[in-house]
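Chemist: Can you keep this structure in mind? I'll have questions shortly.
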Amino acid sequence: MVAVKEARGQGYAKRSLGQNFLVDPNTSRRIVQALDIEPHDHVLEIGPGRGALTDILAASEAHAVYAVEKDRELAPRLKARHPRLRIALIDALDVAWERLSPEHPWKIIGNLPYNVASPIIWEIAHRAMPASRCVFMVQKEVAQRLAAPPGSKTYGALSVFVQSYMRVKLAFTVGPQVFRPRPKIDSAVVVFTRMESRSVDAEALGAVLAVCFQKRRKQLGSILKQFWSQELEMLFEKRGLSTTMRPENLAVEDFQALAAVMNLRFRP
Ligand code: SAM
């Protein structure tokens, strides 16, 4: 495991766990502020690390604060500092998001490990339904993909999938200087708000997105040739789509409609 000694008495930062710790209290405060914590909220932090965000969350008016951390050295230290914090030593990719209690509002926050940020957000988008608002710091390039509108270069499967369940807003960008160790890239904070009304089949949508964006420069007529049907023909007509369009020109709702008609049952 590659580790970098960064601060006396704090142990090593583990690259394998994407550990770039926030050391600027002002940035930490801005990230937590974006979560809009209210007294009845149950707040869950992913990857609390050395506690840059956790310290602020623990002092907030949140009803309860939970955390999931994969690092078995850091988790107990944080628990010792914040005895009321409910911290689980698990991989965020293994969280049973469906089991978040719907009885109270949830907000999820994290300066996410960059290597697993996209899959974590993908799972939360369609499985953590009681989470009304999330704030995540990710690589700037991932933030741009998450918030991308149709027609833009970064619009792709991740944009469409996450925007099918949540409104996505790139809040602000953050330079490498606020982290130890310093990453080589810029980061950005993204705010997600749950859209209540959507009922979208995640598996069917994921499958259509995999098919379409694997060949994003090709025209839809060619991409969808093997799936072509009368229903697809009717859908294209109804939504004003053309077989010469490319996937990046379709709206989020167009992909949802394609998913409902094609109903593919495999995962990307
Ligand atoms: N929140 C801290 C901060 O802002 O300084 C730490 C952020 S650091 C970028 C990412 C954190 O996520 C680390 O504490 C790391 O140990 C933890 N982590 C990495 N992979 C994880 C995973 N799969 N599940 C849960 N936590 C993970």
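Glycine too: its Cβ is placed from the backbone N, Cα and C atoms.
Caution: TrEMBL annotation is automatic and unverified by curators.
Computed from a predicted structure; not experimentally measured.
Dumping what TrEMBL says about this protein:
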type	residues	note
BINDING	ASN20, LEU22, GLY47, GLU69, ASP91, ASN111	S-adenosyl-L-methionine binding site
DOMAIN	27-196	domain 'Ribosomal RNA adenine methylase transferase N-terminal'
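Could you place the listed features in the three-dimensional structure?
Modeler: LEU22 (S-adenosyl-L-methionine binding site) counts 21 other C-beta atoms within 10 Å of its own C-beta, drawing on all protein chains shown.
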Chemist: These are the binding-site residues: ASN20, ASN111. Which one scores highest on other Cβ atoms within 10 Å?
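Modeler: Most Cβ neighbours within 10 Å: ASN111.
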